[in-house]
């Protein structure tokens, strides 16, 4: 168990009528009950989910049980706090508020204005940003819309962008396209050129990136990853951007919690725009943020006139009204709660533990003979290359899923198939939120190794992926092996506490 305490809210929700100093809602008053009479037998909106929709309630309980008894290793997942979940499931879901604080297209927005401004302030505080030099838009629904909004603000249709290639650890929204098709909207609306890893080192090839940028002349270079286990050299990318007169956008979706905790380098010193999700290492509700530079960009050497940044109005207009309608006020409030948590010493301790756990996981895998892309990790994840073992990520993912270990198949450099890629991506944030330490992650690697060995045995007896999956379920000996491993995994996992609500 962790030596430090994860203080999640444990008190049960109180009904509105129990809140001291607040007016009792009219439908709870005696007069309202008298007026409604028999109508009270109709819809009131006060029924619990378990009473109103037992079928959905049972599905939620099953998912909660799956999370409690399993080992969650998907690098982009985490366990949100009860406090943030309470905000997410609040009355804020009811309020429509197109526009921005003080400039809404709907009335009754006084409170949500305060909530959005509070979220903005906390976002800047979480990353130690001067409000005179940085602003933030907290309305993006998630990371992909945040990226598209940033591109829309900075670029014209068919302008050129560069991002890390998806098989090398990039993200779909960084301009991904295959040899035969434009996959992401960011490659449909803009002309994209990927940069790649050095195949010998597994690290971003900055020299080749610079050479490609000189030839391609992009308007925007994206510094961000989804399956890259090393730190990004933002200073080097800034140099490239300055040389080719491109904007630098840092997508820190995976690492924003680590940046806020100051346990890895920050992109803010070098980037023009920074985007992020809020539910990964930041451990909040699902949403997105766009940070942008403001203030003085330069001084005209001839006239001495200050030249300001123009990102603020462009970013805000791109989010609304260009791409979105009303913001999700419940999500903004939940993000604000998580951002407050991210400013605490406890969160820094948590983030340091993520790095320790990821390192322990990487070392344990190497000791067992596994190959890791780039040879290790500097952040919250490891990318295992299973090809030297003779297995692929799709088969490994399915075996692990059957023993209550959740991971995801992932492309490795040189992969040609997204259906059966050679990699398996493993992340430390979620289990660290449950209190796992280094020794616990070493045990987790032991379970993974057992699962991979089962997969290798079954692969030797089958051909196609579908045959492999069917054999896992139908072969008695294999089923017995899986059941035994699953029982040990679940017994191990249930011993650790789970953030959030107790029953859903």
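The backbone N, Cα and C atoms fix where each Cβ goes, glycine too.
The N6-acetyllysine feature in Swiss-Prot is assigned to 103, 181, 196, 356, 464, 469, 474. According to Swiss-Prot, the N6-(pyridoxal phosphate)lysine annotation covers 280, on the basis of similarity to another entry. Residues or ranges marked as N6-succinyllysine in Swiss-Prot (evidence: similarity to another entry): 280. Residues or ranges marked as phosphoserine in Swiss-Prot: 470. Here Swiss-Prot flags 1-29 as transit peptide, drawing on similarity to another entry.
Note: the CA-CA distance between residue 474 (N6-acetyllysine) and residue 356 (N6-acetyllysine) rounds to 39 Å.
Secondary structure from DSSP puts residue 103 (N6-acetyllysine) in a beta strand. In the three-state DSSP scheme, residue 196 (N6-acetyllysine) falls into the coil class.
Summary for the modified residues 103, 181, 196, 464, 474: the Cβ-based neighbour count within 10 Å is maximal at 196. In terms of C-alpha distance, the listed modified residues 103, 464, 469, 470 place 464 closest to residue 181 (N6-acetyllysine). Taking the C-alpha atom of residue 103 (N6-acetyllysine) as reference, the shortest distance to any of the modified residues 196, 280, 464, 469 belongs to 280.
For the residue listed as 'N6-(pyridoxal phosphate)lysine', other Cβ atoms within 10 Å of its Cβ number 27. The Cα atom of residue 464 (N6-acetyllysine) lies nearest to that of 470, taking the modified residues 196, 280, 356, 470 as the candidates. For residue 356 (N6-acetyllysine) paired with residue 196 (N6-acetyllysine), the C-alpha to C-alpha distance reads 28 Å. Listed in sequence order, 398 are the same-chain residues at least 6 apart in sequence whose CB falls under 8 Å from the CB of residue 469 (N6-acetyllysine). The distance from the Cα of residue 280 (N6-(pyridoxal phosphate)lysine) to the Cα of residue 196 (N6-acetyllysine) comes to 24 Å.
Here the residue listed as 'phosphoserine' comes close to no residue that lies at least six apart in sequence on the same chain with a C-beta under 8 angstroms from its C-beta.
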